[in-house]
Amino acid sequence: MAEGDRDVDWFFTILAVCHTVIPEYVDVDIDRDDIRYQATSPDERALVMAAKSLGYVFCEREPDSVTICVNGKKHQFKLLHVIEFTSDRKRMSVIVEDENGKIFLMVKGADTVIYERLVEDALFKEETLNHMDEFAKIGLRTLCIAFRRLDRAYYEKWAKRYYQRSIAVANRAELVDEVCEEIEQSLQLVGATAIEDKLQDDVPQTIANMLAAGISVWLLTGDKQETAVNIGFSCQLITSGHIQLVINASDMNRVEEQLNHCITEVTKPTEAISRREFVLIVTGKALEKLLTAKHQKSFFELTQASSSVICCRVSPWQKAEMVRLVRAFTNDITLAIGDGANDVGMIQAAHIGIGIYGVEGRQAACSSDYAIAQFRFLNKLILVHGAWSFNRITKVILYSFYKNICLYVIQFWFGMVSGFSGQIIFDRWSMALYNVAFSAAPPLALGLFERNMSAKNCLRLPVLYKETQRTTMFDKVVNTSYVVYGNGQISSYLVLGNTVYTCAVLTVCLKAGLEHTAWTLFSHFAIWGSMALWFLFLIVYSHLYPTFPIGPEMVAMDTACFRSAVFWLLLIVVPVIALTRDFVWKVLRRTYSLTMREQVMIFEQNGVEPERFLQLFKPHITRGLRLFRHRPFVPVTSTEATTIGQPGDHGYAFSQEEYGRVTQTDIVRAYHSTEAKPTGD
């Protein structure tokens, strides 16, 4: 860097001063080159470290000042005000006084808000905008740096108004924003920064698996349009075969024109278009107009005609509104996943919210239903545990209907032959223990250990997840069939009752065996053990009286049942007859109408390797599994030229909690970096 270059000097000075980063030293005598920076935003920390690497070292923070070291010389700035970042403001500012008594406002933020506040003859406007466009094309996040020299008299008047509004009882946040808006005007542009936001491991593969599983994937981001589009390419949401539909205007008339044009494109009757897939790209300013009552329905129908939707430069409120839009117009289940404070609203608005623990804090994870460490873990959470859970819950619900109807329909038939006298055919203790003991273990085994496919093959064949979305495993037809199939039918009345009860226990336990596809030791124990438990109970219960005053009518009931040839004959005939329909239907279905999942189950049982599955299935099924690993990365530019008067949207990631009880201003003003900190030893 050439000495005396005032613009470059100001650029890095602002990077080293305009932030809420805190420097840490374990020992105040430590080498000042060894500084650990703590920040709420990884981007803020990256910018401070970048300035440090070029000789502008942020070295000390005191309650009322910050100190930087440039080429070995310290410069102290008195910290007058910190105007924090919010998602609406899209910028942050500090007001400082230098060693010469001059007062400056230093600002950094999105170009959409910085360019609107520049002086007419600001330098480097066109060059900076071109540079930001180039940065965005290669997937970098950008922001602008600017400053303003303040007259002391003007500042003192403004400071009084700021203080009065900051202690207001009602509408404090709005009043403070208004007074901050007054001073953040007539800015001088200094330059722009760009930060690489790397994708986590296996993000493209995970998204490709979600798409292959029939899950619609939308990207809602605060980055600018070009950055968002290139992220879409890198994570395979957009391919070279997609047609990009862009709505990026800011005024209502232009937004309506773009919306109508996009609807015309997707509804073209030509065969060439019908074979193409569309990706809808919407900016935050356009989204404000599209989410109004007038355009909501048309906009939503357009999203449904697109294979993916990318919303760029959107606020946390807009992210949440997009989730609510889907929930309002469909019965689909929504899942929102994010890793920053800006994603909390979206996560809480969805049916299922997933937070990722990351460098941007834990706000998202703490506000979610599930918390994971990396995005790629979504693969196993949905495709494995989600599919297993759906299969288990479905079988437990249907089996619970079956086993209860199987028993109590018998009582209904007995009521018809007993003239509905109120007499029950079963012993009262037997009925009480039916769900508690004799048929409790089989559904427990189904709910805990049932697996219709190995985890390895669930991940290798995400297309099989579509079966859970079609709900063919649990619909009105299936539910009714379990009710109909549980129609229990069969010379002391209690001998008859215990004979029928024994048949019911055996039938429902064997029915659980028919539903099992993954047999474990607990499965065997649950099914055969439940049968044995009933026989043991019958023997013990038959000999309790008169030692215990319980069940005198059950005395020697085991002998009466076990000596009856009819009892043993019915134990064989009734379960076989009751389950024959289930068994024959399963055999015919697996012989002539196998689903893809059942084919995979058979291949697993025969030891066929997963690679063989892809060769046996039809090409259109596996098309969604391709990961496009060899496709070259093609940067994409905006579809409309960006002018100086109307700059494009550029992104920046802030992670501070907005309007928190303890603000970043309170934190930095309470910190004194020259004091020794405890070592924790």
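Heads up, the Cβ atoms here are built off N, Cα and C, so glycines get one too.
All TrEMBL annotations are machine predictions without curation.
Per TrEMBL, these features apply:
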- E44, F85, K108, R141, T221, G222, D223, R313, K319, N342, D343: ATP binding site (BINDING)
- D339, D343: Mg(2+) binding site (BINDING)
- 365-593: domain 'P-type ATPase C-terminal' (DOMAIN)
- 405-426: transmembrane segment (TRANSMEM)
- 525-545: transmembrane segment (TRANSMEM)
- 565-584: transmembrane segment (TRANSMEM)
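Structure coloured by features recorded in TrEMBL.
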| residue | record | CB count, 10 Å |
| --- | --- | --- |
| E44 | ATP binding site | 25 |
| K108 | ATP binding site | 27 |
| T221 | ATP binding site | 23 |
| D223 | ATP binding site | 27 |
| K319 | ATP binding site | 27 |
| D339 | Mg(2+) binding site | 24 |
| D343 | ATP binding site | 27 |
Cα distance (Å, whole number) from T221 (ATP binding site) to D339 (Mg(2+) binding site): 11
Mean of pLDDT values spanning the domain 'P-type ATPase C-terminal' (365-593): 81
Three-class DSSP secondary structure - K319 (ATP binding site): helix
Taking residues E44, F85, K108, R141, T221, G222, D223, R313, K319, N342, D343, which bind ATP in the record, the widest Cα spacing (Å, whole number): 23
